[in-house]
Amino acid sequence: MTKRRVVVGMSGGVDSSVTAWLLKEQGYDVVGLFMKNWEDDDDGEYCSTRQDWIDVVSVADLIGIDVEAVNFAAEYKDRVFAEFLREYSAGRTPNPDVLCNAEIKFKAFLDHAMSLGAQTIATGHYARVRERDGRFELLKAFDHTKDQSYFLHRLNQAQLSKTMFPLGEIPKTRVREIAAQIGLPNAKKKDSTGICFIGERPFRDFLNRYLPTKPGPMKTPDGKTVGKHIGLAFYTFGQRKGIGLGGSKDGSGEPWFVAAKDIASNTLYVVQGHDHPWLRSRELVAGNVSWVAGEPPADGARCGAKTRYRQADAPCAFGRAAQAGDERFSLVFDEPQWAVTPGQSAVLYDGDVCLGGGIIESAATGRAGTAPAGRAPALVEAR
């Protein structure tokens, strides 16, 4: 009887390594595939590609599977990084890991795996796939503290039907135990953090290599200039560190936060205090939508939503756009949400089931009547 072939995306980390081992133990014909998605820093201090490949080969030798490397750097630059720069240039804060999953790991990678004769692909993501009544559902991981369904919400039925997440039912602590028990050479390797192509390097330094600085005024809600920014692209809503402002003598003395960007005047608005009304939103509008089931929830449906990773699901009401052909949606939250950021993803849930979501275009904050005379700075609007 021919074994079912599964191609596992292997990064050199513990999660994907244990994924490959588990599937091999379950009797699958496992092939490891290492993706190289970034080439600009092959010799830089922050590039770990060479060591990651060495770790992949070592793990493959130990568990007895074939492994190969594939270069998706061109696809990544075209489908992910170019959009990343466009969004930052427009003053928004994108999440490239969401786009990378949809366009690279579960599209380019999936296509390549099928060319190798695979019936299924698998990754080390913490999430689950469930088939019900002929449809595939994306669910949160058993270990909610490690759940990554937020980053996977743009996957469609075709992609989910060919995907396995073996770690979805396993706590992260158990994954580490398995790695140590079977003697994986990377058992103590730290989890990767940060945006995949940036790694551990200072984000502002990285962004400055691709986007020019464009200094402008930094103002308070009443129009007072309190400093100068280096360029709107280098700041995000709710940001506290790196603003360059201490507590002012005539202010509250509380920390400063980025609260709004006025693209037309190149002005960055800052406020003092974590609970300032400019940082709180009860409503948002999102576009560029993607629904796991292929269609949105019913108008007025109750659901939970995340506007950032690791955020607890916030109860809200879902609203469809009134105009025919407009796929955007609105969310009205039961409680104000903090620093809802244009460019980030609003992801909807029905319990553990991820419904999909969209890219945040705008959010209504408590700013009425507080803007400088003659101009109320609007949150950045997506195209």
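The backbone N, Cα and C atoms fix where each Cβ goes, and this holds for glycine too.
Asp15 (ATP binding site) counts 24 other C-beta atoms within 10 Å of its own C-beta, drawing on all protein chains shown. Taken from Swiss-Prot, the feature ATP binding site covers Gly9, Met10, Ser11, Gly12, Gly13, Val14, Asp15, Ser16, Met35, Gly124.
Summarising the annotation, Swiss-Prot assigns disulfide bond to Cys100-Cys196 and lists sequence analysis as the type of evidence.
In the three-state DSSP assignment, the secondary structure recorded for Cys100 (disulfide bond) is helix. Annotation comment: Swiss-Prot describes Cys100 as active site, nucleophile.
Annotated site 'Interaction with tRNA' per Swiss-Prot: His125 (among others), in sequence order. DSSP gives His125 (site 'Interaction with tRNA') a coil state; it is part of no helix or strand. Taking all protein chains in view, 26 other C-beta atoms sit within 10 angstroms of the C-beta of His125 (site 'Interaction with tRNA').
The annotation active site, cysteine persulfide intermediate is assigned in Swiss-Prot to Cys196 on the grounds of sequence analysis.
According to its DSSP assignment, Gln344 (site 'Interaction with tRNA') is coil. Note on Gln344 (site 'Interaction with tRNA'): other Cβ atoms within 10 Å of its Cβ, all shown chains, come to 24. Residues annotated as site 'Interaction with tRNA' in Swiss-Prot, with sequence analysis given as evidence: Gln344 (among others).
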Spatial separation of Cys100 (disulfide bond) from Asp15 (ATP binding site) - C-alpha basis, Å: 18
Largest separation between Cα atoms (Å) of residues that the record links to ATP, namely Gly9, Met10, Ser11, Gly12, Gly13, Val14, Asp15, Ser16, Met35, Gly124: 16
DSSP state at Asp15 (ATP binding site), helix/strand/coil: helix
Three-state secondary structure, Gly9 (ATP binding site) (per DSSP): strand
Distance [Cα-Cα, Å, rounded] between Met35 (ATP binding site) and His125 (site 'Interaction with tRNA'): 15
